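Asks: Sharing a structure, written as structure tokens. Questions coming.
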Amino acid sequence: MKTLYSLRRFYHVETLFNGTLAVTGRDQETTGFAWWAGNARLINLSGKLLGAHVAHAGLIVFWAGAMNLFEVAHFVPEKPMYEQGLILLPHLATLGWGVGPGGEVTDTFPYFVSGVLHLISSAVLGFGGIYHALLGPETLEESFPFFGYVWKDRNKMTTILGIHLILLGLGAFLLVFKALYFGGVYDTWAPGGGDVRKITNLTLSPSILFGYLLKSPFGGEGWIVSVDDLEDIIGGHVWLGSICILGGIWHILTKPFAWARRALVWSGEAYLSYSLGALSAFGFIACCFVCFNNTAYPSEFYGPTGPEASQAQAFTFLVRDQRLGANVGSAQGPTGLGKYLMRSPTGEVIFGGETMRFWDLRAPWLEPLRGPNGLDLSRLKKDIQPWQERRSAEYMTHAPLGSLNSVGGVATEINAVNYVSPRSWLATSHFVLGFFFFVGHLWHAGRARAAAAGFEKGIDRDFEPVLSMTPLN
């Protein structure tokens, strides 16, 4: 098979487990990798690697479509989404599909359409994956040079990076267009308990949007996770989309500078490690977002955040005892602090009791009762609306606590229910995946650096014990 470049020249970049230099075939003898090493067998077979990636995309999209339809089939409109263990429908509802005031589901047909579209797309991707894995050319360099590449070709690699950045930027703008022109998105802060609305007054001020990045990650600061209005979220996507698209064009048109050529390792395994590191960071950030943010992840669909459930409990009992005649402004608790209300370290009026630690919670059902100095006593006495009482009672009993056996609630609660918040699942899964992706990043970065330096520590695959054992079949 004709190749356009010397294999010997580039092969040291990948850490192969034996010295074989032939690229034909996908078995251990010809690639140095056994079948279980997966795509490592395809390092120099760009056509087959394309097939593996397209097929993988097909599996992902198939899961999305099938799980989407599964959730639609099991969905009970009378119960909140977070009580039904749903993780996909809340995302569709947040985008404004099928929901009305208060987050009430009015139409499940858009969810059905989403599932079917993903299934159809997965069939197309699956066919493409099978075609390129089994029938298409092994390498793309000869027949389709635009799609071919050599891992060490720095200019080609940054061009591919640029194309990816442009696609990410277009993805960010899809959300912007949905929010501005195509029906709007769900705003949990809309008056009266949330509604779908078009975003009309985008925040584009760089001082506001990039100010989030400069905030402390702790307490009431909360870094970017503290964003609490949709104008900022959609405006942020305008900025990010623009930066990604402009950066993509830049990377397509330019070649890497000398310092970048020297500083970075230029091999397939190095790019894998960079990607895993980025995905790890995304996973950890997503974990914090779904844990604490009730604007991007509205509580109507995902259930309350931990602080929100705690504050809801204090609010619920304040309402109850006030009706029973308690003077909530002056009643003392067992420690001598206020039983229902007290002051924060900075002087605001906040809920008393154990929930004082969550005093900087902001939630749409609570904010109308605040004044310039925290909770307003006169509003608490006169202005509490029935929807606020209903919502806080609901959130109080649905804290995002839970265990692997799906018995939710506080660990010491004897009346525990079979409920685990989607917030718990999404936060935990993204934390665990973020951690494992970070380990993968370290592993592949170490191998890529070792290969670039011309040495590798590891098992000699030519004399591995398993090679002398009888095959399983």
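One-based numbering along the chain as shown.
Any Cβ shown, glycine's included, is placed from N, Cα and C.
So Swiss-Prot lists these for the protein:
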- T15: N-acetylthreonine (MOD_RES)
- T15: phosphothreonine (MOD_RES)
- 69-93: transmembrane segment (TRANSMEM)
- 134-155: transmembrane segment (TRANSMEM)
- 178-200: transmembrane segment (TRANSMEM)
- 255-275: transmembrane segment (TRANSMEM)
- 291-312: transmembrane segment (TRANSMEM)
- E367: [CaMn4O5] cluster binding site (BINDING)
- 447-471: transmembrane segment (TRANSMEM)
Asks: Taking pairs 6 or more apart in sequence, does the count of Cβ pairs under 8 Å between the transmembrane segment (291-312) and the transmembrane segment (134-155) hit 3 or more?
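Replies: By the criterion, they do not touch.
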Asks: Give residue numbers and ranges for long-range contacts of the transmembrane segment (178-200): same chain, 6 or more residues beyond its ends, CB-CB under 8 A.
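Replies: Same-chain contacts beyond the ends: 93-97, 99-103, 228-231, 234, 294-295, 298-301, 364-365, 367, 387, 391.
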Asks: List the same-chain residues at least 6 positions away in sequence whose Cβ sits under 8 Å from the Cβ of the residue listed as '[CaMn4O5] cluster binding site', in sequence order, or say none.
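Replies: Result: W189.
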Asks: If you run the three-state DSSP split on E367 ([CaMn4O5] cluster binding site), which class comes out?
Replies: helix
